[in-house]
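Undergrad: Just dropping this structure here.
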Amino acid sequence: MSDFYQDFNKRRTFAIISHPDAGKTTVTEKLLLFGGAIQLAGTVKGRKADRHATSDWMEMEKERGISITTSVMQFIHNQHVINLLDTPGHEDFSEDTYRTLTAVDSALMVIDVAKGVEERTVKLMEVCRLRDTPIMTFINKLDREGREPIDLLDEVESVLGIQCAPITWPVGMGKRFKGIYHRYQDIIYLYQQGSNAKKVEAMQIKGLDNPQLDELIGDSADELREEIELVKGASHEFNLEAYLAGKMTPVYFGSAINNFGIKELLDDFVEYAPGPQPRATQERVVSPHEETFSGFVFKIQANMDPKHRDRIAFVRVCSGSYKKGMKLNHLRIGKEVQISNALTFMAGDRSHTELALAGDIIGLHNHGTIRIGDTFTQGEHLKFTGIPNFAPELFRLVRLRDPLKSKALLKGLIELSEEGATQVFRPLNSNQLILGAVGILQFDVVAHRLKHEYKVDCIYESVNIACARWVYSEDDKAMSEFRTKAYDYLALDGGDMLMYLAPTKVNLTMAEERYPKIKFCATREH
């Protein structure tokens, strides 16, 4: 095993954030291609094409051509181990995506040159902001006509509130796209349309004043020189400290579908992006340098492999190392468990791992005992913080076509809700089952998976619920009185936590005023 593989400082764990259709899945594919993890990139162009994108492996994703679950992919580049967490780009998938961002040390933002900063990117950026996550930016699709690069940088600065430092700069775009200029290497990489699935080394010209540049790209050479002068005066110079503090984003341009501009981005990413960072727990801050193992569960995925009806808990390693067969404490249930078969991932291809260090993601087989937010250590009592659970915003009543399947329905709904994208509620005053989600597409996903994975056919009906809140009180008497008086509005979630299901926003406001000793919470820590 190579030396760098055993050095946690050589780990880079990141996620890609973007608006749907900015080309995130293609960028993911091409990073894997340049990282040597896949020999042939499955283009995402033909949605029904035979070769599906490596990172979209769940059946429904393949049918629809969108990334629904957070895949984890590990590859090696320039003697660094890179863990890429693929977040769903579809506008629906907030919860899973938010939680994924708690498990990374940096992020890559992908922006469509024609569309600029879009609403979904703004939301994801807000989450990164909460933790000052360092962000690199890739402006994609330069092989098409788009907006002026300088205008895009202005938009990123004003809308997202982060300084931009262009590292590479495009030479034209669309039909006039000639290449990119790396401002810090003083090298022009000439554009040639990459055969989609293969790596192509771009032709390089050293120096902006090189006469060879004029020979090869004609008038575009003088235009580039003028633009670079303007950029020097109008934009920020790259500052590593500002980037690591989440205050500045280095910006790269390219065309992922043509494999262009990706290698320059990847080389710099490995050099500048942070390794594993310290993590906060309720008790203290855990440093990645510590020798004893600690980690937290940020995602649970049911039935990753239909051949083995299984559930996998994804654990971010925060300190120490995982070694095959080691014993770990599962703190929430107070049990010591032996972990002999943790998994590492290459999007759906699983292999048993002998070693995982801080920054790595491992998969633990879960037979219903592990939940999102659980902490594993080698004995110390710690609880990692900052892993959110959001109250759903959309609700449906779940009905069975076959009443004899009610046990299988409850099992399916609870197991799927453990993945964290949906939540199931059981009202105290009835036997009904209510499904809550943050995005509308989740209802389709659940119905599809209930049918295919649990053999349960369900239908949805509308239900009179506008919003849901977890309810707590430190005053037992007040809580007991509240339970009695608000009984018809109360339900238990999948983890048996009490929730208030309000038929209208006004009803919720009145309840908050009427019961001042009860806390109504829209989010809770796992």
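Quick reminder: no glycine exception, Cβ is built from N, Cα and C everywhere.
Reproduced below are the annotations present in Swiss-Prot:
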BINDING   18-25, 86-90, 140-143  GTP binding site
DOMAIN    9-277  domain 'tr-type G'
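Locate each feature and note its surroundings.
TA: D21 (GTP binding site) carries neither a helix nor a strand DSSP state and counts as coil. The number of other CB atoms found within 10 A of the CB of D21 (GTP binding site), across every protein chain shown, is 16.
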Undergrad: Please report the three-state DSSP label of T87 (GTP binding site).
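TA: It is coil.
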Undergrad: Output, ordered by sequence, the same-chain residues six or more apart from L142 (GTP binding site) with a CB under 8 Å from its CB, or 'none'.
TA: V113, P170, M173, G174, F177, I180, F253, G254, S255, F260, G261
